[in-house]
Every structure is written in structure tokens, then in C-alpha cells.
Amino acid sequence: MAVENVSVVFKLYCLSVMTLVAATYTVALRYTRTISSGDLYFSTTAVCIAEVIKLILSLGMLAKETSSIVRFKNMIVEQIIYSPKELLKLSVPSLVYAVQNNMAFVALSNLDAAVYQVTYQLKIPCTALCTVLMLNRSLSRLQWFSVFMLCGGVTLVQWKPAEATKVQIEQNPFIGFMAIAVAVLCSGFAGVYFEKVLKSSDTSLWVRNIQMYLSGIVVTLIGVFINDGEKVMEKGFFYGYTPWVCLVVFLASVGGLYTSIVVKYTDNIMKGFSAAAAIVLSTVASVLLFGLQITITFASGALLVCLSIYLYGLPKQDTSKLTRPDKATDSELKQKLINV
């Protein structure tokens, strides 16, 4: 997808909002699972509500795109109600994304926000591998190098995870890391699968989102009643909800939709800078809110991850248009002789 020409101010706005959403979501979710007072809410219900909000926002964006009530109605009827095969096709990423979103709650219940933010960048090599296998694309040597550098940085971060002194609940870093591992595998596969579905037809992005979120609501509702069914029936669907929990749900809803806008108007370098900035913000917030103790291994690993994200986003060099220096020199000499 080509990046549209927009002002630098608008690009910086997109970058700033994306960074704040990513960092705030991680820190707020960690806060609601570890420090926030009151009864602990059911994470499965939060994931389900986020899918409902995404569906509503996508319907609004489709209505804006069609600019006509009649066209909007016809598109809903033809491409959603009368297209059960397409709904079934989009149920695959819906299921995978549901698992990913639930794993985020498990991970942030056992790992600090900064450690999570750094480790979650493993989604880049996972997405790269899925892209090579499913879309038959190739990666440059620099991109492969950055992938291995990123894995090395995450290894340093996880070698001796930084501890948060203000978090008193029992945590299991191994469970947290395994949850992130599942989440990044889901993120890589679902993202590439959804891209492949998008490029297989001219169907609107918002129609595809609606199809996916309809399936997502069904999948997450099943997850609610499988994991927390009895407790939800006893205490209620919104048990334990606070303004902080509502903020987490809101950020989870707008985060994915806003990413598509950022991809449209910015480039990979700006996205990489945003991810690195989110790591820095999450680290600062973790030190202030959770008493995170920064170690040398964490700082070194985080630095390697930020650098690898930047290198991976650099555009590939087109060598087909490069000319040999000696040929260029011969041409210049001939031109000079002609001029003489």
C-alpha cells in the first residue's frame, strides 16, 4: 500500500496518537490487573466488549465511506448478510485474534508493562516468517539481520526480567512469557492471513472488518461462557468494572482501527519509531507506577530491540537501477572528449 502524501504535521499527529495508545493500553491494563483496588474483572468480557465497539466503529466508517444510506444498506445485505462463506473465512483471524487478546491479559498479569512491550516486538520476526511462507515475499539481508538482533534483545530482557517493587500479587514470569509467545504467533499469522484475504478481492476494508468483528463477537462470547460462565452468571457481565477498565477496553477497541489509518498515511520508519517510543514511555511509566527496577540486561536488550525495529523498517534498496562505477566513468570520459 502506497503512503499518501500528507503534511508532516499530520504524520506527526498520527505517530503521537499511535504511540500514546500503545503505551497507555499496556500500562493501564497492567494497572488494572495488579494494583487497582476493588474486585478483579473478567478479562474475557473485556475482550468481548472491545469486539462490539470495533464493530460499531467499523459500521460508522463504512457509512461514511458509502456516503449514502441506500448504498450502505445494500452493501450490508449483499456482502455480509448474504455472504456466509465470507463470514466463515473471516472467522479464522477472529478466533486467532481472540486468543491473542486474551493472552495479553495473561501476560500483563505476570510481566511488567515495559518487559511486555519489549518482548511483544517478537511479533515482527513472526510476521516476517508468515509473510515469507504465506505471501511468497522475500526479506533483505538487513531485515534478516534485524530479526536476529531483535531476538537477541528480547533474550537479554528475559534473561533476568526486571522486577516491580510496588506489585504485591503473585506473578509467574514463565507463564507471562509463554502467553506472549502465543500472542505473537497469533498476531503474525492473523495479520498476514487478513492481508491475504484483503488482497484477494476489491472488498472494502471496513466490510472485511465488520465480517471479522461479527465472527469475533461470537467467538469471544463462547470464550466468556467457557472460562467464566458460572462466575458471570452469578456476579454479572460487568463485574469489577472501573473507569480504568473502561479505558483499557476503549484503547483496545480504537488501537487496531487506528493502526490501519497510520499504515495508510505513514511509513515503516515512522511505525518503527512509534514502537520504540512506546517502549520508552512504558518503561518510564513502569518505573513511576510499579517501581520497576531497570537492570543492565533490560536496558541493553531494549536498546537492541529499538535499533532492530528501525533497521527492519528501512526501505529496501533497488539494485536494479544502480550502474557500475567504471561504466559511469567511461561514459563521462566519452562525453568530455566529445565536448573537447
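If you go along the chain as it appears here, the first residue is 1 and each next one adds 1.
Even glycines carry a Cβ here, placed using N, Cα and C.
All annotation found in TrEMBL is predicted automatically rather than curated by experts.
Fair warning: this is a prediction, and the values are worked out from it, not measured in the lab.
The transmembrane segment annotation in TrEMBL covers 12-28 (among others).
The transmembrane segment annotation in TrEMBL covers 40-63 (among others).
Counting only same-chain residues 6+ beyond the ends of the transmembrane segment (142-159), those with a CB under 8 A from a CB of the stretch are 115, 118-119, 121-122, 124-125, 128, 173, 177, 297-298, 300-305, 307-309, 311-312, 314, 316. Annotation source TrEMBL lists transmembrane segment at 142-159 (among others).
According to TrEMBL, the feature transmembrane segment maps to 174-194 (among others). Sequence-remote contacts of a segment are chain residues at least 6 beyond its ends whose Cβ falls under 8 Å from one of its Cβ atoms, and for the transmembrane segment (174-194) they are 90, 92-93, 96-97, 99-100, 103-104, 106-111, 115-116, 119-120, 122-123, 126-131, 134-135, 158, 208, 212.
What TrEMBL lists as transmembrane segment is 206-226 (among others).
What TrEMBL records for 238-261 (among others) is transmembrane segment.
Annotation comment: TrEMBL describes 273-290 (among others) as transmembrane segment.
As annotated by TrEMBL, transmembrane segment applies to 296-314 (among others). For the transmembrane segment (296-314), the list of distant contacts is 114-115, 118, 121, 124, 128, 142-143, 145-147, 149-150, 152-162, 267-269, 271-273, 275-276, 279-280, 283: same-chain residues at least six beyond its ends, Cβ to Cβ under 8 Å.
It is 206-226 that, among the stretches 12-28, 206-226, 238-261, 273-290, forms the most Cβ pairs under 8 Å with the transmembrane segment (40-63). Same-chain neighbours of the transmembrane segment (206-226): 42, 44-45, 47-48, 51-52, 54-55, 58-59, 61-62, 65, 75-76, 79-80, 83, 86-91, 93-95, 97-98, 102, 194, 197-198, 232, 237, 257, counting only residues six or more beyond its ends whose CB sits under 8 Å from a CB of the stretch. Residues 14, 17-18, 21-22, 24-25, 28-29, 31-32, 36, 38-42, 45-47, 49-50, 53-54, 57-58, 61, 101, 205, 209, 231-232 of the same chain sit 6 or more residues outside the transmembrane segment (238-261) yet have a Cβ under 8 Å from a Cβ within it.
Counting only same-chain residues 6+ beyond the ends of the transmembrane segment (273-290), those with a CB under 8 A from a CB of the stretch are 15, 18-20, 22-23, 26-27, 30-31, 34-35, 112-114, 116-118, 121, 164-167, 262, 302, 305-306, 309-310.
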